[in-house]
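Undergrad: These came from TrEMBL, pasted as-is:
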type     : residues  : note
TRANSMEM : A:27-50   : transmembrane segment
TRANSMEM : A:70-94   : transmembrane segment
TRANSMEM : A:114-134 : transmembrane segment
TRANSMEM : A:140-160 : transmembrane segment
TRANSMEM : A:169-189 : transmembrane segment
TRANSMEM : A:195-218 : transmembrane segment
TRANSMEM : A:238-259 : transmembrane segment
TRANSMEM : A:271-290 : transmembrane segment
TRANSMEM : A:302-324 : transmembrane segment
TRANSMEM : A:330-350 : transmembrane segment
Amino acid sequence: MNNTLSSANATAVAEKKKLSSNFFKKGVTVAILSGMFYGLYSAFLTLGMANGVWADWYGVNNAALSAFVITYMLGALGSALNDTISALWCIGIAAFKGKLGDFFRTLKTKPGRVMVFAALLGGPIASTAYVVALQMAGSIVIPITALCPAIGAIMARILFKQKLTPRMLLGIAICFTAALMIGSTSMSADAPPNLLLGICIAFICAFCWGLEGCIAGYGTSMIDYEIGITIRQSTSGLSNLIILVPIMAMLAGNIGLAPSLVVQAVTSGPAIIWFVVSGFFAVFAYSLWYKGNSMCGAALGMACNGAYSFWGPFFCWLVLGVFVGMEGWTLPPIAWAAAIVMAFGILTIATNPLDLFRRKGA
Amino acid sequence: MKPLNYAILKHFTKVKEACADDVIEALKGEYGHFKALKKPAVIEAIMTGEANGLLEETRYELDEKGELKVYYRAHEEGAATINKYIPN
């Protein structure tokens, strides 16, 4: 009798361990996949913004757009279109899974409103800051924005009392170093005139993304992540399209430019097809980011997602360089080395790497 | 009617402890037609709540079919947070 009982207990212990370990592995997988989808959506968004009417705007410029419009407004328009199309995908997926009712019910609740706030931080505010910083200071800002995992983890420690050990901080520092290695490959010698201001704006972007990741990650501990992403993309897409793009047009001195450019972009067949693809991948980039953060905590979730600073250039090389045959998209060797450093950083946050070298039971 | 995920968490503020099967049984009446009211999804929702400090594990056992049942409860702080964000 006692033997039967202890063997049942042993089975229960083993099953419980399996359940916990599967949950952890799924969380890490989801968070890593989010970074890969981020890379894929960036690549297809870049492809969309290089085709059809965009090729003219950024190239010959028959439309005679001003430098301001080309630098700032087109970035906001690309982001607005991507997020709006992504929101349509989200609504379709939610409807297919029978979650559309819960989407509207969640919107009316406190966590739903918090999610809208997180989406505004990460959508129009951070994304625009990212585009503006890139234009002002060049790609030196990319590793600065990659600070967002560290900011997210620290905010999660303050706001939600998630644990943050010295080992996790070391892992975040290793990930940041890897992002810096990737960023260093594209730093040009000629310093842009607005370097300092651009870097300051990049910090705003990192702060907003960090805060979005930790607030939305916590939000998805209560809200279904597929509903969370539907709220995120609808808020971000619509606020970009209805508020941000017209503001940019007003600053450019011609409010009529907003509807005119939107219509031209939407009706440009060779471009919009790639926006449909990028919008689809964006669904998973953000929903898995939220889900990963809620499953394994903001520090680990955001570090795994932060590998997007490798996946971005990687998929741009694969899609634009290898697949489409555009020049200038090869991946420098330092990026491959950085990917290994980043994997080691993520491992450091998730577990003590020294444990891997110790023998079991030693 | 609350969103399903809210109802799952809220259930723990009303009982001493519960496992995924108990939650499904309790919500079957109102949410039986929801595609997401399936055991793996409910377990994931509960474990995510645990990872974020809303719930804590109380015990686990094998049922008569040899399936693992893990019981959770909303501790004082967790219940307060759930009630703060999700009122009745």
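Along the chain as shown, residues are numbered 1 onward.
Cβ coordinates are placed from backbone N, Cα and C, and glycine is handled just like the others.
Automatic, uncurated: that is what TrEMBL annotation is.
Could you tell me the structural context for the features on the list?
TA: Residues 41, 45, 48-49, 54, 57-58, 61, 100, 102-103, 123, 127-128, 131-132, 134-135, 226-227, 229-230, 233-234, 236-238, 240-241, 244-245, 248-249, 251-252, 257, 261-262, 265-266, 272, 275-276, 278-280, 282-283, 286-287 of the same chain lie 6 or more positions beyond the ends of the transmembrane segment (A:70-94) yet place their CB under 8 Å from a CB of it.
Using a Cβ-Cβ cut-off under 8 Å and counting only residues 6 or more beyond its ends in the same chain, the transmembrane segment (A:140-160) has close neighbours at 130, 133-134, 168-169, 172-173, 175-176, 179-180, 182-184, 186-187, 195, 198-199, 201-203, 205-207, 209-211, 213-215, 217-218, 293, 297-299, 302-303, 305-306, 309.
Nonlocal intrachain contacts for the transmembrane segment (A:238-259), taken as residues 6+ away from its ends with a CB within less than 8 angstroms of a stretch CB, comprise 66, 68-69, 72-73, 76-77, 79-81, 83-84, 87, 119-120, 123-124, 127-128.
If you look at the transmembrane segment (A:302-324), the same-chain residues 6 or more away from its ends with a CB under 8 A from one of its CBs are 28, 31-32, 34-36, 38-40, 42-44, 46-47, 50, 142-143, 146, 148-149, 152-153, 171-172, 175, 178-179, 182-183, 210, 213-214, 217, 285, 289, 292-293, 296, 330-331, 335, 338-339, 342-343, 345-346, 349.
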Undergrad: Can you work out which residues elsewhere in the same chain, 6+ from the ends of the transmembrane segment (A:271-290), have a Cβ less than 8 Å from its Cβ atoms?
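TA: For the transmembrane segment (A:271-290), the far contacts come to 30-31, 33-35, 37-38, 40-45, 47-49, 51-54, 81-86, 88-90, 93, 213, 216-217, 219-220, 225-226, 228-229, 232-233, 265, 301-302, 305, 308.
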